[in-house]
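As recorded in TrEMBL:
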| type | residues | note |
| --- | --- | --- |
| REGION | 1-22 | region 'Disordered' |
| COMPBIAS | 1-15 | compositional bias 'Low complexity' |
| DOMAIN | 36-407 | domain 'THIF-type NAD/FAD binding fold' |
| BINDING | 43-48, ASP67, 75-78, LYS91, 140-145 | ATP binding site |
| BINDING | CYS182, CYS185, CYS450, CYS453 | Zn(2+) binding site |
| ACT_SITE | CYS197 | active site, glycyl thioester intermediate |
| DOMAIN | 332-369 | domain 'Ubiquitin-activating enzyme SCCH' |
| DOMAIN | 460-548 | domain 'Ubiquitin/SUMO-activating enzyme ubiquitin-like' |
| COMPBIAS | 567-581 | compositional bias 'Basic and acidic residues' |
| REGION | 567-594 | region 'Disordered' |
| REGION | 607-631 | region 'Disordered' |
| COMPBIAS | 614-624 | compositional bias 'Low complexity' |
Amino acid sequence: MASTTTTTTNNNNETPDAPLAPEQLLFSSTDSETLSKNILMVGAGGIGCELIKTLALTGFRNISIIDLDTIDISNLNRQFLFRKKHVGMSKSQVAKESVEKFAGSKQTGINIEAYTGNIKEERFGLDFFKKFDIVLNGLDNLEARRHVNRLCLSANVPLVESGTTGYKGQVTVHLRGKYCSCFECAPKPVPKSFPICTLRDTPSTFVHTIVFATDLLFPRLFGANKEDPSDLDEEEARDAFTRKENEAGTAFAKRVFAYVFEKKIKDLLEREDMWANRDKKPEALDSETLLKTKEERTATTGYGDAHKKWTMEEASEIFVRSAGKLFEKGDRISEFDKDDDDAVAFVTATAQLRCANYGIEYMSRFDAKGVAGNIVHAVATTNAIISGLIVIEALKILNAQKHLDEKEEGEGKNDRLIKLANSRYTFVGNFNAGRQLLQPLAPDEQNPKCVVCANARAELCCDISKTTLADVISKVLKKKLNTNEPTVLKGDDMLHEEGEDLDDDEVENYAIIGKRTLQDLGLESGGILCVDDNSQELKFDLVVVHQNLEEFDEDAFPEGFELRGETPKVAEGAEKEKDEDGAATDGEASDEIEIVEEGVEITKAVESPRLGKTKAIASSPSPASKKRKTK
Ligand SMILES: Nc1ncnc2c1ncn2[C@@H]1O[C@H](COP(=O)(O)OP(=O)(O)OP(=O)(O)O)[C@@H](O)[C@H]1O
Ligand SMILES: [Zn+2]
């Protein structure tokens, strides 16, 4: 195995050209041509701040930086370009101004273009990407990474991708061609899945009680879609979870308390069969006593020392008080936010009270926040190392590009570029081979079955008599294949389009078509849907293969379909050998926690590498999957 990033030769693949020598690949400060190349940076967070600084100090002069976010107080410990006075301001704009101060725009002629916006916006489409010589990602979510990958492939611009998780991280290079995988050539790990019945009725770990709080109870009481049917709405529960007219928030919270921690547990205890084969039964809390205690207490304001565990009385009082505050926030809340103290207090209290019900050891508010927010604490040094490696890979590509430009155009050019540049996928801090800090590996080759870069077909195996077009669009095209605004055709028939240009009639018409099953739409097993996403310049065929819903193995395919096109799907068993200790997979593993239908076992637990932004999806089973027998 190679020992350093810059001095290794490529042993794994046949070499069309010998790599350039290190001195040709790395920068020389006099090389004005390389340093004047156009660089696009996506993300001005932990990695982005380090990266723009390193680029500027290396001497790069034309940098564009995009970030959608504003500066939060929690960013200041590591995003060193930001100060307290910048809280609430645009990350990309402040990053630009801070760098200009020390890189001195007048002396060096540095030109930083800052954009505040989502990289998925139309203004950052193909023409925008084509303006750049290289794109460098410092993102924190899979969706944006996939989108950038697709635009880089379409624009034929090299992409340097990165991610960190605590002390671990990785930098990879992507370019269309045989000798280099795109970001989506390798499937990404599956989200963590929990069965609804475990969360609702039989939790056995602290994580179960937290996910119950963040993904079931929180959205039911405070979420943007709280009126929608919820997995908590069994029989009399709907009343318990519905606020009466003119009912005070805290009074409603007390009713919820009495239902969730006492009444519901008593009901469950009556189901003898449920507990016959279990070690222990749950215990109902005495809500009257616990809530009365609150009234005798003097009014409290904060939530106390985050590291100290609450007593049961404290947890009960905080459950009611934090819920009251969240009700006051009303529509300003859409989902659980780990940076909202009231939300974290509510979730911690709920988890603790559930732990008391089920005899599970509970944790402090600090620890509960870590679990609920899926937080792996960021390490500034790792971000700095990763940013340095990104710049090294970028320099290698840009310098090799120059040598190549003189030689040839056309097919095979990208393969030669990757070889000449001696590009590396570098893994930091995984220590699984000889305890080296850096593990540089030859890039993976293109996956010939990749739907995104190898023009392969995706295959959807599903029950065509039960799967609607809307299911295909939301669960397959958007969720699994990450399309943005897909257009779907069957032969010459347009089945679906979206975007702002559509008029109301068209939207209504497509909604009606969406409700029809694939069979109703005239599709047979082996039939093809053509999918086109202009916003990503992505086009592929989706071959539909029929299988009766009952024949699907529920454990393996809880959603009732199988997507066989190799690449962009979120597949199981995705970790590659070099990622065997869990984190630092290609980019970032999914942060999402997914709740699956009752009776489905946990499919796989993939620890999320990083960095906050946990977005938990409480997916209601589709009408079709609801019909299936559960265990
Ligand atoms: N679609 C997107 N378009 C533009 N910028 C994005 C997009 N998605 C994420 N980002 C930005 O990428 C950056 C990632 O940085 P980082 O992982 O350090 O996250 P953070 O939000 O700053 O910190 P944390 O999540 O740890 O609180 C963030 O600043 C985020 O706003
Ligand atoms: Zn690919």
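Placed from the backbone N, Cα and C atoms, the Cβ positions cover glycine too.
Heads up, TrEMBL stuff is auto-annotated, nobody curated it.
Selection of the binding-site residues ASP67, ASP140, CYS182 by a Cβ distance under 6 Å from ligand 2 yields, in sequence order, CYS182. Residues from the binding-site residues list (ASN77, GLU143, CYS182, CYS185, CYS450) with a C-beta closer than 6 Å to any atom of ligand 1: none. Residues 72, 74, 202-206, 208-210, 212-215, 217-219, 222-224, 257, 260-261, 265, 280, 282-285, 303-304, 306-310, 312, 315-316, 318-319, 321-323, 325-326, 375, 612, 614-616 of the same chain, all 6+ positions outside the domain 'Ubiquitin-activating enzyme SCCH' (332-369), place their C-beta atoms under 8 angstroms from a C-beta of that stretch. Ranked by how many other Cβ atoms sit within 10 Å of their Cβ, the recorded positions CYS197, CYS453 place CYS197 at the bottom. When the recorded positions CYS182, CYS197, CYS450, CYS453 are compared by Cα distance to ASN77 (ATP binding site), the shortest distance belongs to CYS182.
Neighbour density for CYS182 (Zn(2+) binding site): within 10 A of its CB lie 26 other CB atoms from the protein chains shown. The least crowded of the binding-site residues GLY46, ASN77, GLU143, judged by other CB atoms within 10 A of its own CB, is ASN77.
Take the Cα of CYS453 (Zn(2+) binding site) and measure to each of the recorded positions GLY43, GLY46, CYS197: the nearest one is GLY43.
In this model, the domain 'THIF-type NAD/FAD binding fold' (36-407) carries an average pLDDT of 91. Rounded to a whole number, the distance between the Cα atoms of GLY43 (ATP binding site) and CYS182 (Zn(2+) binding site) is 19 Å. Mapped onto three states, the DSSP output places GLY46 (ATP binding site) in helix.
Cα separation, GLU143 (ATP binding site) to CYS185 (Zn(2+) binding site), rounded: 15 Å. Cα-Cα distance from CYS450 (Zn(2+) binding site) to CYS197 (active site, glycyl thioester intermediate): 36 Å (rounded to the nearest whole number). DSSP assigns ASP67 (ATP binding site) to a strand. Within 10 Å of the C-beta of ASP67 (ATP binding site) there are 26 other C-beta atoms, taking all protein chains into account. Cα-Cα distance from ASP140 (ATP binding site) to CYS197 (active site, glycyl thioester intermediate): 31 Å (rounded to the nearest whole number). Around the Cβ of GLY43 (ATP binding site), a 10 Å sphere holds 28 further Cβ atoms from the protein chains shown.
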